[in-house]
Amino acid sequence: MAHSAPKAQKRETFSGRRAFILAAIGSAVGLGNIWRFPYTTYENGGGAFIIPYLIALLTAGIPLLFLDYAIGHRHRGGAPLSYRRFSPHFEVFGWWQMMVNVIIGLYYAVVLGWAASYTYFSFTGAWGDKPIDFFIGKFLKMGDIKNGISFEFVGMVTAPLIAMWIVALGVLSMGVQKGIAKVSSVLMPVLVVMFMVLVIYSLFLPGAAKGLDALFTPDWSKLSNPSVWIAAYGQIFFSLSIGFGIMVTYASYLKKESDLTGSGLVVGFANSSFEVLAGIGVFAALGFIATAQGQEVSEVAKGGIGLAFFAFPTIINKAPFGEVLGMLFFGSLTFAALTSFISVIEVIISAIQDKIRISRGKVTFIVGVPMMLVSVILFGTTTGLPMLDVFDKFVNYFGIVAVAFASLIAIVANEKLGLLGNHLNETSSFKVGFFWRLCIVLTSGVLAFMLFSEGAKVFSEGYEGYPNWFVNTFGWGMSISLLVVACFLSRLKWKSETKLTIDETKGE
């Protein structure tokens, strides 16, 4: 009898709505909010960009957030188990999402290590008067990828990389409430306070108004350019942690009576509010350095790694109390990256734990230690930066966008949206209906355009001048391998104690 009707293990839960919201915001607010949004806004019409950005948030970001919440909460499992309980044919999407998180986790840790190192460097001034030369030549000791992959390890990179892995795995081993929720409940308020102080400080720097003018002056002509709208949808999609298993996993830890849509609205608008705050702080600081150097903002404005590790050290060198500015900026970057990194690894831990039914401590070790070693081998060397660049590009477009597009098409084609909508409406304050379903369908089209247009561009032009063998192996090869491994994992049997179906009226 015990084998015919196995009793499922009791799933961990967040203590309440506040704990979940802070953890979800912690996942969503990451590197992209601080170093991607400001420059994306500046490049795509300034103040005018806010219009497509808000439309993207309301028609894609929040609807997809609701969808992820419904899948995870209704089916009470990590991504693979939730999709398996949704439909046996959908299980592969969950494993595909898990594999995307494996790749992201491998390289996200190294950027987290960089940010932590630069928090310390803010006080020592290690980068001197030439931050670019220091970052490329002394910190990364960057080699030429055209000469092949290097296995020459860089101590300044590997030591903080390993340290960040140990911190994250320590948090994850403590569980959902005692680990993830507690850390998020501390780091997120601290992050907001630190960044508010940074913004206020930046606004009082000479030339701050010049930077804000550059950021917010609208170029309305940009709104007729389709690439601007795609940039808006891309920013929302990549910054909200939607479509690749994180929010499915976190929602599965909610108690059965939870306000899903209300929480989703809070998370969605909190994430966007932080992005706007980041834009103000970053461009006020860029206005200062442009004024100090007698340049235009366009000459100093950068995004991504260039903003964080080239532009900001220069700003810190020239700003009054620059050490404080550096601590606030790189400390914020570290905290934001850490909570996002934890959420990425949790997707993998949850998936494996559901599959083989062993303790959280054991599965954290089984997942974490091999990933840490691979992370060090790939990104702790002199060719770590080009490896990171290619991994990030391909896993975003041909991992995240690809699996989101495929899973949405499957859900819509199999007429499952109504089922998820009903689940959302059972416990939520904000009800969904036809408009929500329409947004999901239309978002599928946007994702298809993003996927195929970017695929055609990279296929015909290559990527950033990297050698074909490198892009084909670690770009296209990696992307294809994610789906291949996902198909293999979906064929493996589940542990007999794993309950693969749910009560359609009550859930697990």
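Any Cβ shown, glycine's included, is placed from N, Cα and C.
Taken verbatim from Swiss-Prot:
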type	residues	note
TRANSMEM	19-39	transmembrane segment
TRANSMEM	47-67	transmembrane segment
TRANSMEM	92-112	transmembrane segment
TRANSMEM	153-173	transmembrane segment
TRANSMEM	186-206	transmembrane segment
TRANSMEM	228-248	transmembrane segment
TRANSMEM	272-292	transmembrane segment
TRANSMEM	325-345	transmembrane segment
TRANSMEM	365-385	transmembrane segment
TRANSMEM	394-414	transmembrane segment
TRANSMEM	432-452	transmembrane segment
TRANSMEM	469-489	transmembrane segment
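Under the criterion of 3 or more C-beta pairs below 8 Å, with sequence separation of 6 or more, the transmembrane segment (228-248) and the transmembrane segment (469-489) do not qualify as touching, having fewer than 3 such pairs. Contact counts against the transmembrane segment (19-39), taken as Cβ pairs under 8 Å, peak for 325-345 among the stretches 92-112, 325-345, 394-414, 432-452, 469-489. Outside the transmembrane segment (186-206), and at least 6 residues removed from its termini, the chain residues within Cβ reach (under 8 Å) are 22, 25-26, 29, 274, 277-278, 280-282, 284-285, 287-288, 291-292, 319, 321, 324-325, 328-329, 331-332, 335-336, 338-339. In summary, the transmembrane segment (92-112) does not lie against the transmembrane segment (432-452): fewer than three C-beta pairs, each 6 or more positions apart in sequence, are under 8 Å.
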